[in-house]
Amino acid sequence: MAKRMITTELMEEDVKLETSLRPQMLEDYIGQKKAKENLKVYIEAAKQRKESLDHVLFFGPPGLGKTTLAGIIANEMGVNLKTTAGPAIEKPGDMAAILNNLQEGDVLFIDEIHRLNRQVEELLYPAMEDYVIDIVIGKGATAKSIRLDLPRFTLVGATTRAGMLTAPLRDRFGVVHRLEFYTTEELKEIITRSAKVLQVEIDDCGATELARRSRGTPRLANRLLKRVRDFAQVKYDGRITEEVARFALDILEVDKLGLDHIDRQILVTMIEKFAGGPVGIDAIATTIGEDSGTVEEVYEPYLVQNGLILRTPRGRVVTQEAYLHCGLPYENKELS
């Protein structure tokens, strides 16, 4: 699958950009009001008691700030942040080494925590609950178990697939927050802040236009800001206005709803090839030349979220809004 400009997954070009734009403290963090307010209380209480913060789980779509919040927790607690990812921890010994190198109060951030294998995950249970790990040394009849004490630490887990977490792991997190998509106003505030950091001049209407097309996701908003900046510099006077933003985003094929050519291809295919549905995900995928898993996990969620596609017992159906957005005539059909 080719990389899309509007993918919310982390791209190589995002890493340096996100690092430079990432807020360091809760007061600078925009959006996620409920999670932010609760974390402020939990962190302050833990600091007053001189304890480590309870283990924290963030879940929700990619690009909404899970990694950023892990860093903020460490900064607010005044401790070190250690970062890893589920797929990178292949053996229990790898996890044991990471845990054994933590210092008192450290924050251990595990991205994609749902991808930990079972043996590694089971090593985490006593570590999270009792701050100990049991290591088996030797093999066969000579094998023996050694218990190692760990410093008190905070595990921050992040996942886009909360349903794939096992109950024993999920239940060991004392703080659980779902991160929500951002409003246009919140994204506008993020874009304005990022533009200042990047030393790019942007007016209110330009920031609003960018925010509207950013699919509720800060990562995408910052990526689009960076690309629109290039057009403003080369094609205009360097200032991002509504006109500049529209010009650049139209060239990048990101429309007013944040859809790209593949999103629109799915909608048009369903309308023209399948009379708007109901149609199965496999048929859609075959027609556009993608695998069904990619269509279901990557493309479909945003279309459903924005009311362009409905999931029904008989299959997927496009809505009247989808017809209007694609500029195609709508024939009313009763859904079943």
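Yeah, the Cβs are placed from backbone N, Cα and C, and that goes for glycine too.
Since the structure is predicted, the reported quantities are computational estimates derived from the model, not experimental observations.
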ATP site partner of LEU21, ARG22, GLY63, LYS66, THR67, THR68, GLU129, ASP130, TYR131, TYR182, ARG219 (as recorded in Swiss-Prot), chosen from ARG118, ARG172, ARG229: ARG172
Cα proximity to ARG316 (DNA binding site), best match among binding-site residues THR67, GLU129, TYR131: THR67
Overall pLDDT for the region 'Large ATPase domain (RuvB-L)' (1-182), taken as the rounded mean: 88
Neighbour count (Cβ, 10 Å) for GLU129 (ATP binding site): 11
For ARG311 (DNA binding site): DSSP state (helix, strand, coil): strand
